[in-house]
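S.K.: What Swiss-Prot records for SER41, THR170 is O-linked glycosylation site. Taken from Swiss-Prot, the feature domain 'sHSP' applies to 56-164. According to Swiss-Prot, the Zn(2+) 1 binding site annotation covers HIS83, HIS111, HIS119, on the basis of similarity to another entry. What Swiss-Prot records for LYS92, LYS166 is N6-acetyllysine, and it gives similarity to another entry as the kind of evidence. What Swiss-Prot records for HIS104, GLU106 is Zn(2+) 2 binding site, and it gives similarity to another entry as the kind of evidence.
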Amino acid sequence: MDIAIHHPWIRRPFFPFHSPSRLFDQFFGEHLLESDLFPASTSLSPFYFRPPSFLRAPSWIDTGLSEMRLEKDRFSVNLDVKHFSPEELKVKVLGDVIEVHGKHEERQDEHGFISREFHRKYRIPADVDPLTITSSLSSDGVLTVNGPRRQASGPERTIPITREEKPAVTAAPKK
């Protein structure tokens, strides 16, 4: 049995490209991809570079996952629901929570029979009025739920600083 021996100088922070395990190759919270079932790339070469995250597609595409964004002027949620028709989806607001529910009964696909159901809940930010929330379904099966954020109640203003002649902190009397 061969045992890989790594020199201590390779494990130092100056060499972040070398990882003795697959820990750094994992995308936590995401499902397994086909490439995860093949041997670890780090076992094939000690100088494996993990591709930067900006080269990967957003994690919610093709995974059934969602992406929640809070931008300067709006709040939005994108959710992959390509396996559901509009009639099989419900979006509702209960208090400060958006609930998305999807369900379809058993149907046949290329692998046999399948039924699906999911529930997702998203907290509405305090500066978004629940009455202004809308939803739409794109042709590629992405459900978008969004609402405008309230702007600050007035224009920005600079507050002048005044100088006082007395100290803010006075010494306590000695006993």
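Yeah, the Cβs are placed from backbone N, Cα and C, and that goes for glycine too.
For each listed feature, how buried is it and what is near it?
M.R.: In this model, the domain 'sHSP' (56-164) carries an average pLDDT of 87.
Sequence-distant contacts (6 or more apart, same chain, Cβ under 8 Å) of HIS111 (Zn(2+) 1 binding site) do not exist in this structure.
In three-state terms derived from DSSP, LYS92 (N6-acetyllysine) belongs to an extended strand segment.
Proximity of GLU106 (Zn(2+) 2 binding site) to non-local residues of its own chain (separation of 6 or more, Cβ distance below 8 Å) is seen for PHE113, ILE114, SER115, given in sequence order.
LYS166 (N6-acetyllysine) is surrounded by 5 other CB atoms, counting those within 10 A of its CB over all protein chains shown.
Non-local neighbourhood of THR170 (O-linked glycosylation site): empty, since no residue in the same chain at least six residues away has a C-beta under 8 Å from its C-beta.
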S.K.: Who sits close to LYS92 (N6-acetyllysine): which same-chain residues at least 6 apart have their Cβ under 8 Å from its Cβ?
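M.R.: Non-local contacts for LYS92 (N6-acetyllysine): ILE98, GLU99.
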S.K.: In the structure shown, which of the binding-site residues HIS83, HIS104, HIS119 has the fewest other Cβ atoms within 10 Å?
M.R.: HIS119
S.K.: Where HIS83 (Zn(2+) 1 binding site) and HIS104 (Zn(2+) 2 binding site) are concerned, what is their Cα separation in Å, rounded?
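M.R.: HIS104 (Zn(2+) 2 binding site) has its Cα 9 Å from the Cα of HIS83 (Zn(2+) 1 binding site).
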S.K.: Can you count helix, strand and coil residues in the domain 'sHSP' (56-164) using DSSP?
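M.R.: Going through the domain 'sHSP' (56-164) residue by residue, I get 6 helix, 56 strand, 47 coil.
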